[in-house]
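Only one structure is covered here, and it is reproduced in the block below.
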Amino acid sequence: MSLPIFLIGARGCGKTTVGEALSQALGYAFTDTDHHLQLSTQRSVTEIVETEGWEGFRARETESLKAVTAPRTVIATGGGMILAEENCRFMQEHGQVIWLSASPEVLAERLESEPEAAQRPTLTGRPIADEMSDVLRERAHLYQAAAHHQVNAMQPPQCVVEEILLSLSLARAS
Ligand SMILES: Nc1ncnc2c1ncn2[C@@H]1O[C@H](COP(=O)(O)OP(=O)(O)O)[C@@H](O)[C@H]1O
Ligand SMILES: O=C(O)C1=C[C@@H](OP(=O)(O)O)[C@@H](O)[C@H](O)C1
Ligand SMILES: [Mg+2]
């Protein structure tokens, strides 16, 4: 199988961390839509949002998704990639879509210990634990609908990788 693999899920679920490890396990390239955006614009997510608003960032995110999609590539997407129907359709049509699922409590704990403010400007203006509850309430059904497979992201990264590999090989066998 050489189709791209798209990792989706909320901020802090491990798309970037697990994506790198998964790409090594498969001998695939690794790319991250936010990193691509930062490199191509020479600006951080926070800077883009400050100058162009979330609307501007979301339009650029869609372009970034299309630009990085290639065979034998693991693609870590930004947490809001599923907000546009167009992005969901594109990922479903071009590859395998994996949702890294985690509770708001686990996500908030990870984000509090490593906020990476330049990558993650606030989405709601609320404290991080409340924000992650709000975000999951709004988006869980979108992650679910977009994904071919859901995996438990509340385990060590290498175990998440194993679970993804298992889902993909089961999908191949069926
Ligand atoms: N499976 C995991 N277990 C524990 N910590 C994790 C795990 N995955 C990611 N992290 C940590 O959570 C934070 C966010 O991870 P990251 O990969 O940037 O998530 P995302 O790209 O989904 O926002 C980082 O500090 C990372 O080290
Ligand atoms: O959830 C979101 O809307 C966002 C998540 C971020 O990516 P990560 O999920 O990699 O943190 C980044 O794309 C941007 O701050 C918006
Ligand atoms: Mg990321």
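For all residues, glycine too, the Cβ spot is worked out from N, Cα and C.
Because TrEMBL annotations are produced automatically, they should be read as predictions rather than curated entries.
These features come from TrEMBL:
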| type | residues | note |
| --- | --- | --- |
| BINDING | Gly12, Cys13, Gly14, Lys15, Thr16, Thr17, Arg120 | ATP binding site |
| BINDING | Thr16 | Mg(2+) binding site |
| BINDING | Asp34, Arg58, Gly79, Arg139 | substrate binding site |
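Arg139 (substrate binding site) sits 13 Å from Cys13 (ATP binding site), taking the Cα positions as reference. In this structure the alpha carbons, written CA, of Gly12 (ATP binding site) and Arg58 (substrate binding site) are 19 Å apart. Ranked by Cβ neighbours within 10 A across all protein chains shown, the binding-site residues Lys15, Arg58, Arg120, Arg139 are led by Lys15. Among the binding-site residues Cys13, Gly14, Thr17, Arg58, Arg139, no residue has its Cβ under 6 Å from any atom of ligand 2.
Ranking the binding-site residues Asp34, Arg58, Gly79 by Cα distance from Lys15 (ATP binding site) puts Gly79 first. A coil conformation is recorded for Gly14 (ATP binding site) in the three-state DSSP classification, outside any helix or strand.
Gly14 (ATP binding site) has Gly79 as its nearest neighbour among the binding-site residues Asp34, Arg58, Gly79, going by CA to CA distance.
Comparing CA positions across the binding-site residues Asp34, Arg58, Gly79, the one lying closest to Cys13 (ATP binding site) turns out to be Gly79. In the three-state DSSP scheme, Asp34 (substrate binding site) is classed as helix. It is Gly79, among the binding-site residues Gly12, Gly14, Gly79, whose Cβ has the fewest other Cβ atoms within 10 Å in the structure shown. Per Cα geometry, Arg120 is the residue among the binding-site residues Thr16, Thr17, Arg120 nearest to Arg58 (substrate binding site).
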